[in-house]
Amino acid sequence: MDSLYTFSLYLHSWNRWIILIAGLLSIAMALKGLRERTAYSGTNRNLSLLFISSLHLQLLLGLLLYFILSPFTLQAMNDFGAAMKDSTLRYWAVEHSLLNIIAVILAQAGSILIKRTADSRVKHRKTLIWSGIALLIILLMIPAGIMGPERPWFRF
Ligand code: HEM
């Protein structure tokens with residue numbers, strides 16, 4: 001169980017980079033598309049797809065950590081009331097997990113709405129709005145010591 005915990009935590013940590021890079025590129029390409037009035041291309045679609053797929057993987061790993069592997073959330077679930085008084089336990093059990101779930105839902109909603117739109121300009125605009133808000137929440141909720149505990153940016 002210990003090695004599965006380490007493996008999942010490492011994967012969750014490294015997958016964050018795929019999310020951040022795909023999200024940032026996706027938004028930058030949407031901005032370029034809006035400014036240069038270009039058609040929504042295969043690259044736009046693939047970047048959005050990579051963003052949403054890496055988010056799905058992150059959610060799955062997050063749920064695995066949350067309910068089965070992480071000593072922090074397992075301790076919090078034992079006594080939720082007490083955990084709410086401990087800033088580290090509250091961060092993992094509520095803030096990080098809940099806000100990131102909201103971010104995944106927003107990115108998923110955006111992805112569905114973009115697919116349903118035919119007009120390239122509207123597709124670029126929807127990418128900018130939905131992926132932008134999702135990425136902003138994700139950035140705020142990365143454990144970098146701003147809103148909670150600090151964890152390494154690169155885990156080796
Ligand atoms: C979607 C974007 C998310 C990002 C970018 C993200 C990022 C991270 C990072 C960087 C860590 C620290 C890893 C380390 O110590 O190396 C972490 C830990 C953790 N994440 Fe996420 N996460 C996301 C979503 C979620 C979700 C949706 C959940 C739960 C449903 C979750 C649950 C956890 C838990 C429980 C830990 C702590 C594990 C531990 O230290 O025992 N995460 N996350």
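One-based numbering along the chain as shown.
In case you wondered, yes, glycine gets a Cβ from its N, Cα and C as well.
TrEMBL: automatically predicted annotations, no manual curation.
Features of the protein shown, as given by TrEMBL:
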| type | residues | note |
| --- | --- | --- |
| TRANSMEM | 14-34 | transmembrane segment |
| TRANSMEM | 46-69 | transmembrane segment |
| TRANSMEM | 89-107 | transmembrane segment |
| TRANSMEM | 128-146 | transmembrane segment |
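The transmembrane segment (14-34) makes contact with the transmembrane segment (128-146), as judged by at least three Cβ pairs under 8 Å among residues 6 or more apart in sequence. Only residues 6 or more beyond the boundaries of the transmembrane segment (89-107), in the same chain, are considered here, and those with a CB under 8 A from a CB of the stretch are 51-52, 55-56, 58-59, 62, 66, 70, 72-73, 75-77, 80, 83, 130-131, 133-135, 137-138, 140-141, 143, 147-149.
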